[in-house]
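Engineer: From TrEMBL, here are the annotated features:
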COMPBIAS  13-31  compositional bias 'Basic residues'
DOMAIN    41-170  domain 'Nudix hydrolase'
REGION    1-41  region 'Disordered'
Amino acid sequence: MSRRPTRSSPRSAKGKRKAHKPAHAPRRSRRPSSPAPPAPAAVVSAGALCWRRREGVLEVLVVRSARWGDWSWPKGKIEPGETLPECAVREVEEETGVRPLLGRPLPSVGYVLPDGRDKTVAYWAAQVLHTSVRTADADEIAEVAWLPVADARKRLTRPSDLPPLESLLQYSVAGELDTRALIILRHAKARSRANWPGTEGDRPLTSVGRSQANALPGLLAAWNADNVLSSPWARCMMTLLPYLRVRNPAADPYQGVEVLPLLSEQGLRNDPERVPELLRDIIFRQAGSWLICTHRPVLESVVGTLAEACSPAAREDLPAANPWLGTGEALIAHIAGAEEGTAEIVAVERLRAETG
């Protein structure tokens, strides 16, 4: 007599046991798809809105491209090893024949090029130092013109070029366009304390630190400080040396540099109030632009004092914690106004030179 099949041994209608189907049956392999083509590299550029006042009228410098015929701001692509401020200065020189002195940063501009690449242009406000730079190649720039702001607004080809102009006008109306720079520079990378047998004041830069120092001249020259102050310790003096040689090649490079022991670590320990007093004097009572080279332990006092003089927006861009700045990094504080009660830091940047 035949047995009735149990649930544990299912059979088909023909009496054959059904094949067991694995819970995860293997799938037929697919041909791997071709990787998506890489996105085209973005174009990074920099330029400046050079400005001046003629009979009370604010004017800006615009250029017309010989190739495309469009009116825009002088600008161009960054080159290997350049920082954006260096690029802005070089491009203004090449396209207009004037040497700019950078001021405060302006809004960046971004748009898509005809070939699909994204392009970003960083801008600064700038005044003209002199006009002894060579004239631009006529194959690149067909015309250079100083125009009142209202005329420049109509002349510009791309609407995306308007935001920097509107900000420049806004700063002018608010009395925050004509600024002077206070540059705080942390010395470049130095030999470690543990591995240096000499005195702390003599501790020198490493090879990396020397490379950082050699990369600084172009960046610092964008603001062309009138006054240079430094800690007397070797690592600060060595950090400044390449810039000082470019700044004054015909003389002793340290000529005119004010060496202040209060900017050293020992000076801070001896009298912590001296650094804040110096900075308040520069911000509220002195004219011109300033470059100060100091040490990481001094930076907490520096940043705290700068914060007291900052607008709310600028204060947000100050470093918030130790180490405050990297080795060879600069903080640029843009000061509007020239006396106590009106002077204020209206913009802050942090920049580091490329060392390759």
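Cβ atoms here come from the backbone N, Cα and C positions, even for glycine.
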Engineer: Along the domain 'Nudix hydrolase' (41-170), what average pLDDT does this model show?
Structural biologist: 93
Engineer: Go ahead and report the DSSP secondary structure tallies for the domain 'Nudix hydrolase' (41-170): helix first, then strand, then coil.
Structural biologist: 32 helix, 61 strand, 37 coil
